[in-house]
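Asks: Please see the structure below; I have some questions.
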Protein chains: 2
Amino acid sequence: MSRITRLTGFPEWLPRERVVEQHVLDTLRQTFELHGFSGIETRAVEHVDFLLRKGEIDKEVYAVRRVHADERDHDQLALHFDLTVPFARYVLENAGKLEFPFKRYQIQKVWRGERPQNGRFREFIQADIDVVDRDTLSSTFEVELPLVIADAFAALDLGQARMHVNNRKLAEGFYRGIDIDDAAAVFRHIDKLDKIGPDKVADLLAADGLTAEQAKQCLALASISATDESFVDQVRALGVQGDLLDEGLEELARVVTAAAEDAPGFLVADLKIARGLDYYTGTVYETVLAGHEALGSICSGGRYDKLASDGKTTYPGVGLSIGVSRLVSRLIGEQMVTATRGVPTAVLVAVTDEERRRDSDRVAKSLRSRQIPTEVSPSAAKFGKQIKYADRRGIPFVWFVGDDGAHEIKDIRSGEQIAADPETWTPSEADRLVAVIQKEQS
Amino acid sequence: MSRITRLTGFPEWLPRERVVEQHVLDTLRQTFELHGFSGIETRAVEHVDFLLRKGEIDKEVYAVRRVHADERDHDQLALHFDLTVPFARYVLENAGKLEFPFKRYQIQKVWRGERPQNGRFREFIQADIDVVDRDTLSSTFEVELPLVIADAFAALDLGQARMHVNNRKLAEGFYRGIDIDDAAAVFRHIDKLDKIGPDKVADLLAADGLTAEQAKQCLALASISATDESFVDQVRALGVQGDLLDEGLEELARVVTAAAEDAPGFLVADLKIARGLDYYTGTVYETVLAGHEALGSICSGGRYDKLASDGKTTYPGVGLSIGVSRLVSRLIGEQMVTATRGVPTAVLVAVTDEERRRDSDRVAKSLRSRQIPTEVSPSAAKFGKQIKYADRRGIPFVWFVGDDGAHEIKDIRSGEQIAADPETWTPSEADRLVAVIQKEQS
């Protein structure tokens, strides 16, 4: 029992901190359900060969094996590293039993076998929403999903979150229009724009064989951003033509217009966003929290025409994933959000002496029947000590069972003590349940 | 992507089934918080040597290792197989930051590396409540915990759950009083009573060197059960004396008396209960659901004087653990509980044509602002097709956006269609949120 070593990368919270995480999880779930997304959970493990179909992530996977595996135990299992791959498998496995388009949310832990020394989380919670359909998927969902996330961040009330959005058809159509064949290579370089600047990106593009004019046009496109449809005219002004470009412009314009009305200031068309463009095929999204840009994107995703396929049927999808632990870790670390108390309890019922404990139990039962979280003091110590029990935990009220059923309740914050009836006394809603408080934005 | 194989022992639910599981989880959490228990989560992995300190369970553990572990990666990790061992580690790790007595609940998945062929769950959810204190723990909590569970099962409304309770001090004190030294050996035999019957248990006891009179007394004790304090007189009638016996009788009487008042019919003193008596030191609990005895115990636990120890300080505790997946699997499998619909959505807002989709979006936004789960139809297909979208998912209402803002809402169950205002229309509370329905007890 003596070896108690913290494990780097596996965050755990104290009870008061867990209230903050639980609040975030509850808020996300409530928002997702308000938009009609069904909750599912998938198992924590997948077959290794299914998990590793994208070769590049194999270093990050945790393999799982029975300590005493025997010859009948053929499964090569690993912990899932995201919720998209398990969802794809779930869709294929249950396709006959799901209604398409299928809108689901999934809030679960994922694991990545990061090197212990690199400071990243190795276990963390993701909250994903995806819509998947059979054969074709309406681009309407590419408009809908960011609005769900906008609602979620509004409900979380963490200050300004801003989603940066691009469209792969737009970018690829533009590149085609200026005779660039290898769009993927350009995406990879444009992705570095914020890190290395336009001059160095131009060098990389030139090294790939682009003309100075082509490179200039790529950088001009990447420099465009707008919170309204005006980006369309800016792109048009670059003088490039093409059907795919038109389609991308129209799709992105719809996303931007809807968001400008529904969630003003939340969404910006940002044509340098190039995330994971090798498998995304339409809108792509990244989200930063103002004042916390160093966190990186706290909600990312996009449209992919082939979320899953069983050889006969293809399932296109669009999804967004919130990095809950990264966000919660920041909220807790900087005390941006704190819990009103460390326990759910609103009332501690004091015990006068052990012979009369059942009287206190009865008061507690009555309060609980009206949804007031209540504890009975574990000891019949002096009342001062029982009040201290409440005080140390942030429990606001202590109930005293007097002789002849004469009850009194003390608000230990103000010291006020009044007569009370266990059948009717009710705290304010703010005192009844533990809640979270946002720190004033400075 | 083609290899889609179900994994035995890793249950997953369809969205409509997940509603049932989520309902159980929410109900448990709400009950635990109503009783003042704080929620925590621990990481999924522990150091193998900490996990395996009880030698007998090593076969059941899943080891976890980075696929590309390198020499700097010393951690020998495994998935936790219960929530008690991680909780003990959490208490030791955070002892300086917790208030004792510390009451916590923990609802998480656990993993056991069962042989794939034995049909048991290898991944499942447990819901635990424990109270832990420093140095000493009041026996009051042994009375309190079963009452929390009684409330939880009452809230779940699954029919009659019955908790069978014994006390180790009682049994051990009784054995000492008839000159039996090896109480643990007797416990092991008594534990088989239901399986092999009293005659064969008597043989086993005789083989261990007990006299016929001693064996008879042990079996007489084990045959006692009562839903009130009358068990005390029954034990006294056996004529055995001792301080430890008295202490156990008094403790168990308190548990039974409190439960008889608070939760009539829930708890029974049952002196043959012998579960895990090698580390339990006071009250022990097992719970069966009437009509589903084959499930085994769905909630078990007890008091242990040494939940954790860092060499200097010892932390005694008492805990109960509900096997959620086992229970939920039965609820779903026998359709004892079903969801009112497959999606959270209460209203589908129809889309008249794509040009007017934003009008539908605005209605949805208005409904959602009043906490009514709402979807907008993904297509502007014929209304019949849009109604079918709702019908297939069990969405009760379809909203039609007429010309000049003339709105109508149709209850697709009754066919009734009425004028409605998006700012004020409200469904019944039963229709607003997806809920679960209990099957009539037959």
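Quick reminder: no glycine exception, Cβ is built from N, Cα and C everywhere.
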Asks: Which of these, A:ARG66, A:ARG112, A:ARG115, does TrEMBL list as part of the L-histidine site with A:ASP82, A:LEU83, A:THR84, A:GLN126, A:ASP130, A:ARG275, A:TYR279, A:TYR280?
Replies: A:ARG112
Asks: What's the longest C-alpha separation between any two of A:ASP82, A:LEU83, A:THR84, A:ARG112, A:GLN126, A:ASP130, A:ARG275, A:TYR279, A:TYR280, the listed L-histidine-binding residues, in angstrom?
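Replies: Looking at A:ASP82, A:LEU83, A:THR84, A:ARG112, A:GLN126, A:ASP130, A:ARG275, A:TYR279, A:TYR280 as a set, their Cα atoms extend up to 22 Å apart.
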Asks: As a test of reading the model: what is the averaged pLDDT for the domain 'Aminoacyl-transfer RNA synthetases class-II family profile' (A:20-344)?
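Replies: Here the mean pLDDT over the domain 'Aminoacyl-transfer RNA synthetases class-II family profile' (A:20-344) amounts to 92.
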Asks: Need the DSSP three-state call for A:GLN126 (L-histidine binding site) to compare against my parser.
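Replies: Where A:GLN126 (L-histidine binding site) sits, the three-state DSSP reduction gives strand.
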